[in-house]
Ligand code: 13P
Ligand code: SF4
């Protein structure tokens, strides 16, 4: 079944037997099933998930941590992944054949991952090869399809996450003269700029026009940024920063590197989800913070640090709508299906694709 069919089908899937339950009844049922399945069941949850879901996660982490725990877990038969589609694919690639990865709602995609498909990538690679010969190594943010990870693996490259992007870009530039960074231009640009690469040595690959956007001598190009972005993190703006600086001059501003270069430059600190959590945890009581990342995480950090003054950098909060597709009813429905041997939304990456993608993931996992 194609992804579109899966998505259309999953819209109608929740049965009345789940939808008519109260929140307490659903929570009780999830607890019962977790107890019954014991270590046969494993529920990883990304930091951006809702509280109603995260309360049942066996482990909570950022993309890198969740990839690492998936790779280590050999015991669970069912991995019910509370995150988005590319994370569930990564878990399937890194786990054994007899382990089944389930995504509670197939609509939990990632708009950034959708901004690069394998056909565009192969077309881009051919054209870039004509321009630069064999001087490019591909790196892909884990927020990408399994097919792109496989392409990157086949071409000697690696995956990166926001926690290890500096390390991986440095490694890649030791391998080849230039990198193609997919699909998040902002993480690529922010990382390369931190490593001292001037913006004048970064080009942009436009996958719609199938062309490289760069002014100057081609020889100068060190980093080719795929023209993709996160629609959640692009909602944090320079104007938001100016407002915070005006209203709360003492406030520290910390943002995720999926934000634009201008926002990152004007912030005090930037780093991965894990970095943001640790920085706020280690900050002195009474300190004040504006955070530029996904809403569920910001709200959780606010609730956990009542001794600090914390706000979202954007007053409208910026939820990731696709992450929010995973809710308590979908989690319960997935677990009921397991108990009833009626598996739905199983994420199974094609074997050949998985074999190539694992090279890209392994090149990252051995370096972190
Ligand atoms: P990290 O979990 O790597 O911080 O990435 C954030 C994100 O946008 C996940 O989709
Ligand atoms: Fe994708 Fe952005 Fe949502 Fe992360 S926050 S899943 S990158 S759309």
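Placement of Cβ uses the backbone N, Cα and C atoms for every residue, glycine included.
Values in this document were obtained by computation on a predicted structure and should not be read as measured data.
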Residue in 22, 162, 231 which TrEMBL records at the iminosuccinate site where 46, 63, 141, 142, 143, 256, 257, 258, 273 also bind: 162
Near-site residues: [4Fe-4S] cluster, ref 110, 230, 320, CB cutoff 8 A to centroid: 84, 111, 112, 113, 143, 231, 232, 233, 258, 294, 322, 323
Spatially closest candidate among 110, 230, 320, the listed binding-site residues, to residue 258 (iminosuccinate binding site) (Cα to Cα): 230
Residue 141 (iminosuccinate binding site) CB neighbourhood, other CB atoms within 10 A: 29
Site with most surrounding Cβ atoms, counting all protein chains shown within 10 Å, from the binding-site residues 258, 320: 258
Residue 110 ([4Fe-4S] cluster binding site): secondary structure state under DSSP, collapsed to three categories: coil
Mapped DSSP class for residue 141 (iminosuccinate binding site), helix or strand or coil: strand
Residue 256 (iminosuccinate binding site) and residue 320 ([4Fe-4S] cluster binding site), Cα-Cα, nearest whole angstrom: 14
